[in-house]
Amino acid sequence: MNKLHDFKLFWVSLLLLFLELLIIRWLSAELRIFAYFHNLLLIICFLGIGLGCASPRREPSIALPLAILGALVFLVYCPWSLGIFSLPRITMYLGNLKDFIIWYQAVSTGIEKTWQLLIGIGMLSALTVAIVYLFVPFGQLLGELLRTSERPLRAYTVNIFGSLAGVALFTLLSLLSYPPIIWFSLLFVMVIVLLVGEGRRSSLPASVGLMIVIGGFLLVHDYISAREEREEIWSPYQKLEVKPLEYPDGASLVRVGYVINVNSVPYQQAVNLSDEFVRKNPHIYGFSSAEMLKYDHYNLPYLFGKQLDEVLIVGAGTGNDVAGALRNGARHVDAVEIDPVIIDVGERLHPEQPYSSERVTRINDDARSFFHRTGKRYDLIVFGLLDSHTLSSNLSNVRLDNFVYTLQSIQEAKGLLKPEGVLVLIFDVKDNFIGHSLYDIMMKAFGGPPVCFRLSDTIRGWGGSVFIGGDASTIAQTMAKHPFMQSLIDLSFADAATAAAVPTDDWPYLYLEGQRIPSLYFIIFGVLMLISILLVRKSFSGLNGVNWHFFFLGAGFLLIEVQNVSKLALLFGATWMVNSIIISGIMIMILIANYYCGFARMRPRWVYYLGLGISLLLIYQIPLEYFAGVSLVPKAIVSGVLLSLPIFFAGVIFADSFRRSSELNTVFGSNLIGAMFGGMLECASFVIGIKALLLVALVLYLLSFAALARKAEV
């Protein structure tokens with residue numbers, strides 16, 4: 001009986017974590033607003049699971065979550081226009097505020113802005129309730145299994161093992177770039193096994209019928225993509241769509257290259273700028289003379305290299321910048337790109353095949369990680385158009401490129417330059433405050449104002465602002481040699497540069513105008529708080545039914561997780577693999593804490609609270625970034641030990657409290673609701689920085705201790 005109970009608990013835990021990751025990854029790609037709010041989806045999932053745990057039922061309806069999932073798939077992939085109520089329009093409606101930048105999202109004004117926000121809030125409310133009740137039935141199963149467990153600590157350990165298995169399975173699918181139809185198919189298998197294991201064979205026909213309908217929607221979507229000659233690929237970071245880029249030439253079309261969309265909006269173009277192709281098709285590129293091609297942003301950076309023995313390109317993408325380096329005589333190019341699928345697309349489809357050159361070394365890594373571990377020096381470093389359309393982790397509000405555009409990052413890159421080396425940073429500046437921030441970063445890093453150009457968008461690729469710093473004599477000689485460059489100079493970012501908020505590793509928010517919480521966060525979290533209060537009062541029989549000790553434990557623990565993700569992203573890179581290892585490592589540390597509670601001689605809980613407080617203050621005081629440049633093994637040991645300490649102490653406190661509890665489902669639900677609250681508090685880093693979240697976490701743990709002290713249980 002115990003083994004069957006443990007298997008059911010393991011399986012439900014695996015299913016829940018897998019479903020959670022599926023929803024976050026899928027909706028973040030298909031509804032772009034969530035690509036910038038991963039932790040919002042995580043918070044909503046926590047709310048659903050927590051509510052379910054707090055109101056367990058022996059046989060909750062599995063048809064309900066499948067019906068909700070089917071409705072979501074239909075609304076996301078609906079081939080017919082639903083007008084203003086089309087679900088993908090939620091990005092347009094909510095991304096309508098100037099103080100929060102979403103790529104390719106226009107900002108409206110007046111009455112139009114008001115009604116769009118109202119419709120967006122209505123859509124978000126409906127979507128939130130739908131996702132919550134997608135998870136509630138499975139949370140009820142988890143709550144019932146916890147409630148009927150005879151050994152609380154063993155049950156919690158089985159839950160963590162199941163969650164760890166869910167993370168590993170979904171990570172494997174991401175590694176293999178499998179599409180959603182595979183994710184959903186595996187989810188359906190898990191649900192069928194669950195129904196059979198629960199002895200609910202009578203529910204199978206309706207459930208399988210709903211699964212077939214959902215699978216049909218997914219197949220129709222794949223068919224439409226294939227018919228439109230659109231290759232859809234799911235990288236570990238985002239959804240990519242690749243389609244031909246053609247230009248009219250009389251009655252025929254000339255294949256110029258390929259367009260790569262990310263999450264359904266333009267991202268990159270892999271274009272043919274080879275001398276031979278440009279000579280044959282001058283009308284396509286609109287040059288008054290072939291000479292003007294050298295001032296294109298894929299060629300201009302290489303005019304600033306006295307010699308190009310070693311060139312580094314970060315954000316190499318599908319290879320346009322790399323091809324430019326080769327055309328301009330670079331003897332060797334290190335091309336760094338974080339997304340392995342984008343590298344693969346460039347290798348397969350780029351017209352000039354730059355990644356096939358023996359002069360190019362392809363490096364699939366995060367830019368900061370590469371800066372830390374390379375020992376080379378470069379004549380020229382080029383920051384390509386790195387603009388990110390997604391976040392670096394499900395736990396954090398930091399975008400994938402945020403740590404690349406900080407003062408410390410540019411200073412590290414400057415340290416890789418040869419004495420006469422030059423750094424060129426290209427960015428598509430959509431708002432002036434971003435240009436001011438980049439200008440100020442370059443000025444502080446190089447000790448003087450950078451040279452700035454503005455290049456227009458053309459058929460040969462998106463333009464952008466160009467910031468150049470480095471050896472002053474090299475830059476001056478290049479400007480004197482090419483007088484036409486004077487006409488490209490842009491002085492607009494120099495005027496108010498000192499007033500710009502300079503992104504740092506502790507406040508890496510390039511896309512925010514100043515240290516403040518964007519108004520969109522207040523709107524979204526206001527809606528979420530209202531829904532949460534209404535649902536929590538119902539499931540917990542009023543707010544007094546919430547176990548506040550476990551609530552604050554959940555809130556504090558999530559902020560510790562956020563801190564670990566951010567610290568380790570700086571030390572080892574913001575890659576998907578690093579994030580997966582971090583999440584798995586946290587779960588393993590929780591297991592170690594569980595086994596400690598099970599076999600060690602336990603001290604009073606205040607001892608572990610003291611250890612937790614000391615370890616949090618230790619991490620707050622020790623700047624781990626100082627270890628970024630050391631070799632892998634000592635860096636991993638130092639960071640691993642320091643960052644694991646609060647996880648261990650927090651894990652021991654939770655495990656010890658959990659095994660003493662009688663209503664396991666209620667305390668577990670309270671913990672998840674608390675984690676949801678901690679996720680909301682994470683946006684405080686927009687004002688106080690990431691490191692200060694440790695102090696917020698410390699306050700939350702003190703509140704959890706106070707809740708214990710009231711019951712004299714410390």
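Each residue, glycine too, has its Cβ placed from N, Cα and C.
Look at TrEMBL and you will find 9-27, 33-54, 115-136, 156-175, 181-197, 204-224, 519-536, 548-565, 571-594, 606-624, 636-655, 667-687 (among others) tagged as transmembrane segment.
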*Excluding the flanking five residues on each side, which residues at least 6 beyond the ends of the transmembrane segment (115-136) place their CB within less than 8 Å of a CB in that stretch?*
16, 19-20, 23, 41, 44-45, 47-49, 51-52, 55, 60, 64-65, 68-69, 71-72, 84-85, 87, 89-90, 92-94, 96-97, 108, 523-524, 527-528, 531, 535
_Please identify the stretch among 9-27, 33-54, 636-655 with the greatest number of Cβ pairs below 8 Å relative to the transmembrane segment (667-687)._
33-54
*Hey, does the transmembrane segment (571-594) touch the transmembrane segment (636-655), meaning at least 3 C-beta pairs closer than 8 angstroms, sequence gap 6 or more?*
yes
_Same-chain residue ranges lying at least 6 outside the transmembrane segment (571-594) that approach it to Cβ under 8 Å_ = 153, 156-157, 160-161, 163-164, 167-168, 171, 174, 236-237, 338, 365-366, 368-370, 372, 392-395, 398, 400, 403, 561, 564-565, 624-625, 627-628, 635-636, 639-640, 644, 647-648, 650-652, 654-655
*So what's near the transmembrane segment (156-175) in sequence-distant terms, Cβ-Cβ under 8 Å and 6+ beyond its ends?*
6, 9-18, 20-22, 25, 142, 146, 182-183, 186, 234, 236, 576, 580, 583-584, 587-588, 590-591, 594-595, 655, 658-659
_Beyond the flanks of the transmembrane segment (519-536) by at least 6 residues, Cβ under 8 Å_ = 37, 40, 43-44, 47, 51, 94-95, 97, 99-100, 117, 121, 124-125, 128-129, 132, 543, 546, 673, 676, 680, 683, 686
